[in-house]
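So that you can see what the record holds, here are the features copied from TrEMBL:
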type     : residues : note
DOMAIN   : 5-103    : domain 'ABC transporter'
DOMAIN   : 132-196  : domain 'ABC transporter family G'
DOMAIN   : 252-411  : domain 'ABC-2 type transporter transmembrane'
TRANSMEM : 276-294  : transmembrane segment
TRANSMEM : 306-327  : transmembrane segment
TRANSMEM : 348-374  : transmembrane segment
TRANSMEM : 386-408  : transmembrane segment
Amino acid sequence: PLPRSFQADTGYAQQQDVHMGETTVREALIFSALLRQPAETPKQEKLDYVEAVIQMLEMESFANAMVGEVGAGLSVEQRKRLTIGVELAAKPELLLFLDEPTSGLDGQSAWSIIRFLRKLADAGQAILCTVHQPSGELFCSFDRLLLLKKGGETVYFGDIGSQASNVIDYFSARGDLTFKDGENPAEFMLEVIGAGASSTTKQDWHRLYKESPMATQLQHDLEGIAKESSAREVRPEDEKRGSRQYAVGTMTQLRLVIGRQLTFQHRNVTYMGAKIGLNLLAGLFIGSSFWAQGQNLSVASLQNKLFAVFMALVISTSLAQQLQPVIINLRSLYEVRERPSKMYSWPVAVTAYLIGEVPWNLIGSTLFWAPWFWMIRFPGGQRAAFNWGLVQIFSLYWSTFATALAVISPNPL
């Protein structure tokens, strides 16, 4: 079985480029490095490695740019570089997985991404990459090929060779087609095995592979690796690292995730403007609607004051509806990319959502309370401070309730 640390020790660059739009490129890389590199690594060493990743992926020109949303921030190629960079910043010890890193890119951008991957491989990084219908030039940039036919059976697993010579020789010797000069080796092998658009084959390519010297050599290599692994003595520190689920402790996770959440709230101008505006306008509207009712002791004034309090409570439903889509989007980011990478735990994520709302709830509820309380002319003094405290407690209640609904909802409400 795989160790608990496997997900933390590997990088996985997904096909979808999922990022928090309110962070900069450098901040996204630093966040990944601080949470996913081992706790024993000094912080300055992690930061220096982030700068090395920026230089390696040639992101200096937009390192301080906001990620933004798709179509309104970084370009498709820049977002793809960031996706790879976030995984590289984690300094994966075992392997870097990439799921179709060239999808959605034009030819020049695709070649740039493959060139970066080639540079990483030459520097010693193990890379496992899936590609569909690559150009001949891109195909020849890889070292080894694992080709699967329908049903997941292996058709070829070995070196590609210079200018795909190994692949071409293997399929030419066993197939009915002849490779032509200038033809794409990837398209040629698909045509030979019957996986092309209109091609068919009667050969059992999986059987041919199992009978080939290549498969025999692979099995011999695997047996040697297994024997070497079983004979190796497991050191206590390696066993301890293999049993960990996250690279850093809970308190470090909390500090970093809460810090990012506060930055997100500060930069999310649309959400913050709507929150502050709704609080202030609601306070002014209710306060002016029940102007000076607090000074009147009649039964009608008492009913008006009760209704003013009721309206102050009801406004929380609109504020909760503003909050829930934001939390659901953050939850999606966590579930799609950050949880599989074992960046931080689910309790840490929920705690950060809750704490991130506190400063702005304090400001917003105060902006609501001031016109609402003083325009209605409720009694001042210690009662005013007590009333303000109740409003703050209620803001914690509704934001916690709204967050709870958001984290269990299957889709935006």
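For all residues, glycine too, the Cβ spot is worked out from N, Cα and C.
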Who are the chain neighbours of the transmembrane segment (276-294) in space, where the CB to CB distance is under 8 Å and they lie at least 6 residues beyond its ends? 301, 304-305, 307-308, 311-312, 315, 318-319, 322, 360, 363-365, 367-379
Would you mind listing the long-range same-chain contacts of the transmembrane segment (386-408), meaning Cβ under 8 Å and 6+ residues beyond its ends? 312-313, 316, 319-321, 323-325, 327-328, 331, 350, 353-354, 357-358, 361-362, 364-366, 368-369, 373, 378
Secondary structure content of the domain 'ABC transporter' (5-103), with strand meaning DSSP E or B: 47 helix, 11 strand, 41 coil
Mean predicted confidence [pLDDT] for the domain 'ABC transporter family G' (132-196): 88
For the domain 'ABC transporter family G' (132-196), jot down how many residues DSSP puts in helix, in strand and in coil. 25 helix, 11 strand, 29 coil
